[in-house]
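This report refers to the structure that appears directly beneath it.
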Amino acid sequence: MMELEGEKPKYGEPKKYDPTFKGPIYNRGCTDIVCCILFIICILGYVAVGILAWSQGDPRKVIYPTDSRGQFCGQAGTPLETKPLLFYFNIMKCASPMVLLEFQCPTTQMCVEKCPDKFMTLLKAYANKEDFKYYKNFCKEGLEGLTVTQILSSGLCPAMLTPSKPFTRRCFPALGQKKGGEITVGNNSKFDDGEGNIRDAKDLVAGVKNATVVIEARQVAMKIFEDYTQSWYWILIGLVIAMLISLLFIVLLRFLAGIMVWVMIVMVILVIGYGIFHCSMEYVSLKSEAGSNVTLKDLGFQTDFSVYLHIRQTWLAFIIILAIVEVVIILLLIFLRNRILIAIALIKEASRAIGYVMSALFYPLFTFALLSIVIAYWAVTAVFLSTSNQPIYKVFNETACDHSRKICEPANFSTSSMKAECPDSKCLFAFYGGETVYHKYLIGLQFYNVFLFFWCANFVTALGQMTLAGAFASYYWALVKPDDMPAFPIFSSLGRSLRYHTGSLAFGSLILSIIQIIRVLLEYIDHKLQGTQNKCTKFLLCCLKCCFWCLEKFIKFINRNAYIMVAIYGKNFCTSAKDAFFLLMRNMIRVAVLDKVTDFLLFLGKLLIVGLVGIFAFFFFSGRVKAFENTAPNLHYYWVPILTVVVGSYLIAHGFFSVYAMCVDTLFLCFLEDLERNDGSAERPYLMSDRLLKVLNKKNKPEPAE
């Protein structure tokens, strides 16, 4: 629809020719000062929260198990230094539902030097001097002169001991299983519970079943850890190879961008095609193998992941996934072949820009270092905050009692009215908490810690984007390269960003952080309401999570382009975001096709590097190649180093190509500005390269002869 005369264009006026504009503005002022001040105040508050947490917290609560008195088992420099393990008087009481609510078994717990390794009841041990001496290792002090009845009624000793093994510094019954499926403990299927009852070993299972999943996970974790110790140097070699390939790829793009892009496309198609072929061969070879036709649904979850590779359905899934990816890539190449030529020209220009600003390739290391500091500070503060509570003791009892689960004081509990009214009750350590102002607002401090983590992490990422944008923009708008460029473009751009635009960086990252924290809260609410939510609530939460996910992606896109405009013109965040958005909307077709095609080509580059390194890692660690049979380490799960190398290779390739992506995005915005500002005349020549001019069928008119 044509716009009415005198009506403003829908997406703002195109940029007009400015003879004084020669790239990033140097004479600029501070932007978004209010947000800058707010960010500094919040950072100071974050430091104060960290200091407060470090003064109140005690990480030993995470490291060491705690007995019924709130003491740490195995803590160095204490009487319990030689007693690192936690022993439960009656492990069967851990099957109580209260364990899931309060994370504490309603039975006496004490620190011991080692777990019991034999069956024994107090009644039998009391009659034998040597046995009773051994039994005392699992009893409290003050047994002299007391009878068995007095000891049990005072809760000084457990009624029985069962053979146990330490797990996460806690003694759990050494349960086993016979061939017929019968549960045993200490090779016996029955045991004396110390009260004259002969019970089945399976009765102990309920007390430790909550740890079953954890035990299996621990076994897998230990095997994975062993695999890492056996293969860590080969993993490092694989990551170094990925880094060298990425660096070689970037260097080759500098000189052979056009050829490299097409070679990359062909190689990606060939690598995926080879993957389909290999999976097909594995699928056919398993046809005659017994048990290979079991479905993944029937197989269920297995801790030994190599089992899945002996199932035909696994390889069929790989074939389908790879085939879909292959078809999608080929169709995109067919329909976007003309736009790929322009994208290649843009990549060539990005290669030239990076050639003039080689230090940009190493800037991601600086960003990574800053992000590591932010993550470490958040993690340490979170641990100290979560361990800054005081020990809370509650009344635990076996019979009905009005004071059950009420807070008590262990020092005077034996003479209190609670003990008088409930003779069989005990005052045991329950959890860590507190009633002070600090403890009441502890959840708020944790929330503040998480929010500032998002804000600082997004700020560091934004700083990297604006720094790279300023450096590459100085290249594009330089009439004579590199004479019209700063001597050190990266450092010059970094200095401008921090000196003038800290507020703009804080503003953009604040908006993104608010959306991210809302997404975290939605996930938390969804987790809390699982099992109780109705379909309407579930649908509403799903819609909200989807909407905020889309909003986060949109804000990231707006922020990225806003930072580029701030780096070039030095305006505040909102103005820059509006200018960038309107500029992109006035060139919607170019944005939708050209810029995204370039991103797609760069993604293929990352995919190629990951594919090459991943295939090499697969054949090396799986021992499929005879040349590597004696060299490859013996592993429980060969997918552990393979997956590590693949993920690490992607992160390394992403680090290198993120510089390229930022360069392309910056040059693309400058390219759009160039088309609006200039017309190719002698007075207003295009500043884009001759390659871009040729692809776009544009040219600069020669100056008229005098």
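Every residue, even glycine, has its Cβ placed from backbone N, Cα and C.
Record features, source TrEMBL:
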- 31-54: transmembrane segment (TRANSMEM)
- 232-253: transmembrane segment (TRANSMEM)
- 259-277: transmembrane segment (TRANSMEM)
- 315-336: transmembrane segment (TRANSMEM)
- 356-385: transmembrane segment (TRANSMEM)
- 450-478: transmembrane segment (TRANSMEM)
- 498-522: transmembrane segment (TRANSMEM)
- 600-623: transmembrane segment (TRANSMEM)
- 635-653: transmembrane segment (TRANSMEM)
Chain residues outside the transmembrane segment (259-277) and at least six past its termini with a C-beta under 8 angstroms from it: 249, 252-253, 318-319, 322-323, 325-326, 329-330, 333, 340, 344, 347, 601, 604-605, 607-608, 611-612, 615
Seg_contact(the transmembrane segment (498-522), the transmembrane segment (450-478)) with at least 3 CB pairs under 8 angstroms, min sep 6: yes
Among the ranges 232-253, 356-385, 450-478, 600-623, 635-653, the one whose Cβ pairs under 8 Å to the transmembrane segment (31-54) are most numerous: 356-385
Result, the transmembrane segment (232-253) in contact with the transmembrane segment (635-653) (3+ CB pairs under 8 Å): yes
Spatial neighbours of the transmembrane segment (232-253) far in sequence, C-beta under 8 Å, 6+ residues away: 260-261, 347, 351, 354, 361, 605, 608-610, 612-613, 616-617, 620-621, 632-633, 641, 644-645, 648-649, 652-653, 655-657, 660
